[in-house]
């Protein structure tokens with residue numbers, strides 16, 4: 001290996017090595033014979049026969065150059081994979097000086113690039129992210145490294161070895177940063193040099209939270225050892241170059257683990273969330289209790305103050321966001337925000353808009369004044385652990401368990417809250433989240449046998465569209481029937497103008513219009529379509545079955561609709577008095593209509609059998625194959641006679657042989 005080039009050799013076994021050595025010696029002899037090698041004094045060099053007979057295997061005979069690999073950048077290290085695919089001779093991994101990892105598959109004739117790890121991200125989940133004050137730097141922590149990024153370009157600027165970082169923040173000036181680890185230490189990071197300048201034994205357990213003080217003189221840390229501590233910056237004494245250090249100034253012992261701390265913008269209050277699901281608001285100067293906020297059922301995992309200090313938002317493992325007023329510690333609103341634990345929440349600077357992330361893999365944008373969900377952003381493939389919002393609110397950064405860091409930019413395209421609500425409702429409808437109705441009233445169908453088609457167990461867009469058409473037809477027919485009844489009543493009391501039918505019904509009667517909508521439904525989708533009908537509309541539909549049963553070619557459809565609706569809504573039909581007259585009429589009519597259809601089908605089948613017999617008697621179809629059959633019968637008789645004659649001949653010959661002996 002040298003620079004960008006790697007030479008890959010194949011190690012030959014002993015037999016191949018000797019064979020290669022013999023070829024080398026043979027070529028050497030031929031070369032000497034052809035050129036007549038001369039010594040320095042001009043005499044011919046004589047090679048002893050003993051030296052010619054000795055075969056010496058050299059390094060060049062054992063190692064055979066297989067391929068030469070040229071990388072795109074300077075190679076730092078190389079490694080062979082112990083497990084090799086059958087189609088290749090070897091698998092080689094190269095580590096380049098630009099932090100790339102390339103994997104090549106080596107074959108006998110070619111080398112192909114199999115994989116390339118080009119992402120400069122973490123090799124484990126990202127537990128915290130923080131933006132600098134000018135939004136030009138981004139810091140992220142994981143289980144063994146801290147990385148400094150350029151958030152605009154997405155390039156990794158520094159990688160610093162560290163402990164398991166759970167929280168982080170930039171120190172004012174953006175030249176240094178502080179990281180809180182799982183072991184309870186604080187690591188001071190020099191951003192410019194990419195080194196850890198000091199490790200402070202801060203707490204006896206994990207450091208869960210770091211929050212900067214508004215005056216820029218220090219920060220506060222909260223830990224699982226029940227303490228939250230105040231820290232101030234200082235310069236290391238006796239150092240030529242200025243190196244940042246911190247010193248503990250105050251601390252307070254709480255009754256339970258400190259999960260998260262937050263400081264009000266005016267530095268008057270500090271809010272501490274404990275493992276006992278409470279939030280205690282303390283005076284910053286005396287650390288005396290100001291308010292205690294109750295309401296969460298599980299521990300609070302994140303918390304933030306608005307820029308004006310009027311609101312406090314908290315997110316918990318109970319999946320809820322709670323918005324509090326700081327003056328009286330009153331709860332303004334409790335929002336069921338995520339389908340899993342809320343991991344981070346943060347206000348946009350100088351607004352009452354806020355972002356929240358959770359283990360349900362989505363980012364949500366909220367209005368804390370109107371308590372409305374504005375946007376839902378999807379993109380992560382696993383739990384989202386952390387969140388950072390820029391000072392101007394033009395972009396946010398999220399870190400996830402899927403080891404990715406994503407930047408979300410605010411676009412110039414406006415959005416409308418009503419449209420977003422409609423989109424979410426459509427998604428919920430298509431996702432069939434209202435499956436409780438189906439599971440409650442639908443019959444449990446047995447698993448069909450092999451080769452038998454079963455009913456579709458989930459709604460589709462086609463069935464939902466067909467349901468909507470039937471509902472619209474029922475509504476239009478009901479309105480038309482009311483108009484007809486009103487016109488008839490007015491006609492009895494006095495002269496009125498002629499009735500003008502609704503043009504939406506296409507010149508059909510209300511009953512025929514509903515039948516038209518029902519007939520357009522695909523046969524395979526009929527059951528799923530009727531299953532989506534509410535009970536009130538199903539009862540309306542059953543009232544039309546009496547009129548439709550008089551149409552001969554619709555009897556089968558009427559019977560199927562009646563059977564499906566009875567199966568689905570049996571419990572409600574039994575307990576609904578208004579359904580009794582409809583069911584009684586259908587009971588008397590449907591049996592008679594079905595019997596008429598059966599009689600018609602039986603008559604038609606008998607007539608078809610009679611016609612078949614007549615056609616057979618008048619045609620020569622029975623004698624078309626008579627000639628062929630006769631020929632086959634004669635051949636069969638001929639074979640039988642021949643076999644019988646041969647048997648008799650054999651018996652006579654055997655008798656003659658016995659008598660002669």
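Backbone N, Cα and C define each Cβ position, glycine as well.
Note: TrEMBL annotation is automatic and uncurated.
Here TrEMBL flags 119-159, 200-241, 293-334, 335-376, 377-409 as repeat 'WD'. The domain 'Small-subunit processome Utp12' feature in TrEMBL is assigned to 511-613.
Broken down with DSSP, the repeat 'WD' (335-376) shows 0 helix, 25 strand, 17 coil. Beyond the ends of the repeat 'WD' (335-376), by six or more residues, the same chain brings 298, 301-308, 311, 313-323, 382-389, 391-393, 396, 398, 400, 408, 415, 417, 420, 424 to within a C-beta distance below 8 angstroms of the stretch. For the repeat 'WD' (293-334), residue counts in helix, strand and coil come to 0 helix, 23 strand, 19 coil, using DSSP. Within the chain, the repeat 'WD' (293-334) has long-range Cβ neighbours (under 8 A, six or more residues past its boundaries) at 259-266, 268-269, 271, 273-281, 340-347, 349-352, 354, 356, 358, 366, 368, 371.
Residues of the repeat 'WD' (119-159) grouped by DSSP class, helix first, strand second and coil last, total 0 helix, 19 strand, 22 coil. Taking H, G and I as helix, E and B as strand and the rest as coil, DSSP gives the repeat 'WD' (377-409) the counts 0 helix, 19 strand, 14 coil. DSSP labels the residues of the repeat 'WD' (200-241) in these numbers: 0 helix, 23 strand, 19 coil. In the domain 'Small-subunit processome Utp12' (511-613), the DSSP tally of helix, strand and coil residues is 89 helix, 0 strand, 14 coil.
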